Amino acid sequence: MNWLTNFVRPKIQQLVRPKEVPENLWKKCPACGQMIFHRELEKNLEVCTHCDHHMRLPVKKRLEALFDDGEYKRIELPKAPEDPLKFRDLKRYNDRIKDARHKTGEQDAIIVAHGSVGGVRAVIAAFDFSFMGGSMGVAVGEGIVAAAELAVLQDAPLIVIPASGGARMQEGILSLMQMARTTVAVDKVKDAGLPYIVLLTDPTTGGVTASFAMLGDIHVSEPGAVIGFAGARVIESTIRETLPEGFQRAEYLREHGMVDTVVHRHHLKDKLANILNLLINRGPAGQVVPFERKGVFGAGETTTAETKPAGKPEPTPAARPAPAAPAAKAQPTKAPDEEVAETAAPADEDARPIDAAPAEAPKKEPAETGEPSEPKKG
Amino acid sequence: MNFLDFEKPIAELEGKIADLRHLSDDDGINIADEVARLQAKVEKQLKATYAKLTPWQKTQVARHPDRPHCLDYVRQLIEDFEPLAGDRTFAEDHAIVGGVGRFRGRSVMVIGQEKGHDTETRVKHNFGMAMPDGYRKARRLMRMADRFRLPVVTLVDTAGAYPGVAAEERGQAEAIARAIETCLDIRVPLVSCIIGEGGSGGAIALASANSVLMLEHSIYSVISPEGCAGILWRSGDQAQAAAEALKLTAQDLHRLKVIDEIVPEPLGGAHRSRKAAIESVGDALERHLSKLIPTEGGVLRARRRDKFIEMGRNGLE
């Protein structure tokens, strides 16, 4: 008994008991190798505080970061047939799905939400990479279709945020069919004259890239994101070609004409807000809405975010000073405008030219989208 | 004749027949009865073997080097063929061939992947694996067909789009996405037949059609069995198991309502009676085109789009 109680039990407990110093308090940046305190990393939207390397951002955090005030409404997606092929490899597909659902608390690899982005009502369909690598099966196709239909119904732009290894092999041909299916879906948005924006995040490959993800009116990407059709390993092993520096990275795709702009995660929301406001063109330019600059475009904030030392907390979108309307009302129209012109300059090089242009303006058609912008003019 | 692994008994019998014929040539001995008997045996064997091919065996048949390829179909089925080349942007990709011609009296646009039949042509056509330029050419030809109200026939036979550095640089993904988009946008009848291998995105880029047909022993899949085995089984040796699991045969896909019709192959596969196989594909294509041609363009487009937006939604029967 002695041996059991004094030796075996402690050993077992050691295995089972939570470790006194959890390993995940500090996270190592895969790019620069520096250790970052997990809270700090979270505040910084999973961007390395030392080298600006963009790590994967959990899908809900991403939605919070993009929607105004971090507020959005999710829609429930229609149920897709489960395991249509009764697929089994080393494990049953059914079990893989169950595991993924258990792990993520989600039904499948896509979330569809709506809210406003920079005062513009928008629908966002975002992939959850932690759910089976964000792979696209019938349920994900269903998500894109639902998002597109919602966008048309709401007369709102559609933003899709892929983070996916490609088609879900376990659904065989039906996953391949989702390429055609999602293509029709996003075309419906385009046919309705609404902007369809793709925000490419790491990674976007395979059948996802070769369908709706490359059909956007505008392609925005995060720095360093892997974007491609064939996997780098496939290319290397089957073709025996050496891969060029930065191959299939966002910057590489921009240089090859496939991506419009590569934007730092901290500036993404401003960028998308500006693009949406410009594309839907609800009114004459020039009558700039100051609050957009302050609260949402926040040029001052973003520049400090880039240069500031690691310790300073980054304003998370939820914690941002009241955005839109209140700020607008509080401020006179001209002063902030000028201030913006100056402070906007040092921001991200991609963001600047667009940012410099006035974004928001009073609407011609009052109701519909972007209500929050109304008050300031009225 | 190239024999596949599982055709060994048939190969032996046919070898015997050849020997006998050789004998009779030399000695004038009448062994016609014996030959006929063996011939009957071969047929019986073929029938038995080909009636229950496994998915992996079908994969091999679909890739059989003697199987008729795209240009064989064009030569036999299309009169006054006018081959067209180039994507008007960067290059002419020989992996995808296309042009206008007369199919059973009608002007049509034909587009398809060509694998080649010997070393020289295989290299020329890059084994049927297209670059972005190929898909852009396909897109250009579909648009042209749309403009001249010509029905489009696509013949799909590819292991997949080419995975290489240059392909990625020039936007393989975008080229495929646009080809799919164009398939789904044109207002003329679009009929596809998978005549060999329907490899993933490279295949659906030409096959998002009003009617999708498949030859009896062809395959159509999201990934090759070898690729799937390498990822999910972590071993390329499990290709056989992957082929089973992927449900890539014409029969499975018909059950899944992904394709509209299975075109029967002659006894022993299309490679044994190439002319007959091509003719039966021609008959099926004609039947589907005749049904589609009277339909108004906008309706054709809408039906095609509705069909794909429903894909997978309703599950199985």
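Cβ coordinates come from backbone N, Cα and C, glycine included.
What TrEMBL records for A:25-294 is domain 'CoA carboxyltransferase N-terminal'.
DSSP assigns A:Cys29 (Zn(2+) binding site) to coil in the three-state reduction, placing it in neither a helix nor a strand. The Zn(2+) binding site annotation in TrEMBL covers A:Cys29, A:Cys32, A:Cys48, A:Cys51.
Residues or ranges marked as region 'Disordered' in TrEMBL: A:299-378.
What TrEMBL lists as compositional bias 'Low complexity' is A:325-334.
Just so you know, the Cβ of A:Cys48 (Zn(2+) binding site) picks up 21 other Cβ atoms within 10 Å once every protein chain is counted. Close to the recorded Zn(2+) site, the chain also has A:Pro30, A:Ala31, A:Gly33, A:Gln34, A:Ile36, A:Thr49, A:His50, A:Asp52, A:His53: residues not among A:Cys29, A:Cys32, A:Cys48, A:Cys51 whose Cβ is within 8 Å of the site's Cβ mean position. Fewest Cβ neighbours within 10 Å among the binding-site residues A:Cys29, A:Cys51: that distinction goes to A:Cys51. In the three-state DSSP classification, A:Cys51 (Zn(2+) binding site) falls within coil. Take the CB of A:Cys32 (Zn(2+) binding site) and look out to 10 A: across all protein chains shown you find 13 other CB atoms.
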